[in-house]
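According to TrEMBL, the protein has these features:
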DOMAIN    7-106  domain 'Glycosyltransferase RgtA/B/C/D-like'
TRANSMEM  21-38  transmembrane segment
TRANSMEM  50-76  transmembrane segment
TRANSMEM  88-108  transmembrane segment
TRANSMEM  142-171  transmembrane segment
TRANSMEM  192-214  transmembrane segment
TRANSMEM  220-238  transmembrane segment
TRANSMEM  245-267  transmembrane segment
Amino acid sequence: MCIRDSYPIFNFKGFKYNPDLLQLVTLPLVVLAYLNAFEKRSWQSGLWLGLAGALALMTKYWVLTMIGAIGLAALIHPERMRFLLSPAPWVAIVTLAVAMIPHIVWLADAHFVPLTYAGDTYSIEDAGQVRQLVFGYVLHNAALLALPVALAAFAMALVPPWFSLLMRAPLRIVTRAWARGANVGVNASQALNIWIIQIIVAAGPPLGALAFSIYIKTDWGISLFFLVPLALVAIPALRVQSAVLFNIVAIWLVLSVATLVASPWIAAREMAVNSDNTATYGARSELARELTQAWHSRFVSRWAIVAGTMESIQPMVFYSPDHPAAFTPNEAWGSGLTTLDDVKKYGFVGVFDPTDGRLPAFEKWVSEIAPNAERMVMTTRRFTHGKAGPSMTWNVYIAPPAK
């Protein structure tokens, strides 16, 4: 866990919260539930595996990558028949299906928009662009993994008597951790599961992107490499001494404290260097707070719907305590969370970037749906330790609920 927590996403690169990070909570539970089911092969363990899979699927459909890898691991493993002839996998499948029924019903009601949206949005024709994206994906995730792996190697090298070895036989610092013969500290059967799963989720997405011309994002790999430390520790020839645990915890603690101490300086410096970077440092949470207060002061009710482009309104959905449903007029793909009838019934707040070329079409839509909507311009800016962030201006439209 400490090796994994030294992953940059968890400290100095952890600047955003999204479903890719949330998978780092649910996917380890899925893998743990699978390992437990593979070992116990009982219907109870299958029940927990199915529930863990359903929980993970509700974060992002990308979780199917890990679930598919687990399924392939179960079919590839030499002990597969003992597992497949037990109730565990079948109870897991049934439990997952039953737990997902409400979501599947919603998907059907929404005409499976999330799936068709993904198919249309992330399918590209330019083979050169696909290769470039795959190369960037591999390079980005390899660079992120390099730090925890290097720190783990450093922790193993610091096992006493490392100083005397450094003086007399430096190579022994590395070679002493490796030995032939059986390793009683490694469960070979479960280690094989870990290796199969990690290899599949590491190689599968980039190969799939190349084969099917998919636009692959670097963030999609965030949740797929948490098993690397465990896969390395499970190498039978590697002898991990108990002193390594202390070293890893100490390294993780030093890095975490150093990052926390330096975070005010890092934030101020980043804000100063990126004073015009509205994409990353724009004051969207502040806008969500202001709009929530504006709605409450006018109508003394919950803010139910926010309208605009997904880029503009997603932060409003997340940061507002009312968590209004998103409505995206004039876009090919809606959120599936609300309808035009709801917009007219409950009212809405429209939020739009005045520099966006789609503004005239949105204003036309507002004029048709809510001609009496209140229109205003709001400006937001965030200050971090005295450093001013970029100023952002928004066109805001407040349409009251139906009487």
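Cβ coordinates are placed from backbone N, Cα and C, and glycine is handled just like the others.
As a summary of secondary structure, the domain 'Glycosyltransferase RgtA/B/C/D-like' (7-106) carries 79 helix, 0 strand, 21 coil according to DSSP.
Mean predicted confidence for the domain 'Glycosyltransferase RgtA/B/C/D-like' (7-106): the pLDDT average there is 89. Using the rule of three or more Cβ pairs under 8 Å, pairs at least 6 apart in sequence, the transmembrane segment (192-214) is not in contact with the transmembrane segment (245-267).
The stretch from 50-76, 88-108, 142-171, 220-238 with the most CB pairs below 8 A to the transmembrane segment (245-267) is 142-171.
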